[in-house]
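What follows is one structure encoded as structure tokens, with my remarks underneath.
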Amino acid sequence: MKPLLHAFAPGVMALMLLLPQAAQAKEVAPQQKLSNVVILATGGTIAGAGASAANSATYTAAKVPVDQLLASVPQLKDIANVRGEQVFQIASESFTNENLLELGKTVAKLADSDDVDGIVITHGTDTLEETAYFLTLVEHTEKPIVVVGSMRPGTAMSADGMLNLYNAVAVAGDKSARGKGVLITMNDEILSGRDASKMVNIKTEAFKSPWGPLGMVVEGKSYWFRAPVKRHTVNSEFDIKQISALAPVEIAYSYGNVSDTAYKALAQAGAKAIIHAGTGNGSVPARVVPTLQELRKQGVQIIRSSHVNAGGFVLRNAEQPDDKNDWIVAHDLNPQKARILAAVAMTKTQDSKELQRIFWEY
């Protein structure tokens, strides 16, 4: 009896000849095209530096330029074609309305470019949530826009900025992130720019949304759990290209034994709207109510919000007769985000009913 191998020799030999060719074909298969991501640097802790590696809370923000920031994460080249632009070099507590407008117009110009697939904005965390929400309202693009920061400077032990930036670029270059509005990536989470806020100033898990994250980033891959339902970006009635200045809107903080001094001073200084950062359900102390009623008669919009830490939820005509007073409620927006929406919305309308509609929809 002939050996079994000998009987099948022609077939075996043919298979052996094909195997190297198949392996070679696999080796020369074209790699997946990398996305083109632009990083706009504005400063903040992510561009900060301390005197030593032990300085995680005492450091100078906005020191490291964008080219050095990108060089600190060489792995970026493996997930995207990245280039950087230095827009500002400031600590974010110093961000102004003019800075928002300039940044917004820069983002819009890039978003219109065919060779840009996604945009990352490095930003200080103090007002990161305000910038993210502003861009959510005014950028007409489905391309991913991701705002990212860090809680520790790059010089600190266990600095979080490198991974945050890596994750931001991964999300910005991911087609699955399109059409989800402006995003925030911090501490491995993908958060909505609309409702995420800085909840603590000394931990790396600083940013949270009362409604939870949209998803997670793990080793450069995005995993999604929910999608935004409020109007944003391409579905927004506001367009950065049509805005030359934001309306003057101020915030007055309420607390036990508060007086009406701040409200009067803000109105006298030219505020067209005052965000009442109230306790609980945006409550207004009895001694302040007459002043707010009078300011509304003078044309100042009064917008009730809540400064509770984990997320307020202000209902109309609860605590105060908003219909009677012709006041507006901020719904679930915290005071600083309510200021952003009012400042944008009042570039189009001064009507309180229209403004209330906008607060419900955005």
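Every residue gets a Cβ built from N, Cα and C, even glycine.
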Additional site residue, S92, S158, S176 [criterion: listed by Swiss-Prot with T125, D126 for substrate]: S92
Recorded positions listed as T45, S92, least Cβ neighbours within 10 Å: S92
Rounded Cα-Cα span from T45 (active site, acyl-ester intermediate) to D126 (substrate binding site), Å: 9
Cβ neighbour count within 10 Å of T125 (substrate binding site): 24
Cβ-based neighbourhood (8 Å from the centroid) of the substrate site, residues S92, T125, D126 excluded: G44, T45, A91, E93, H123, G124, T127, L128, G149, K198
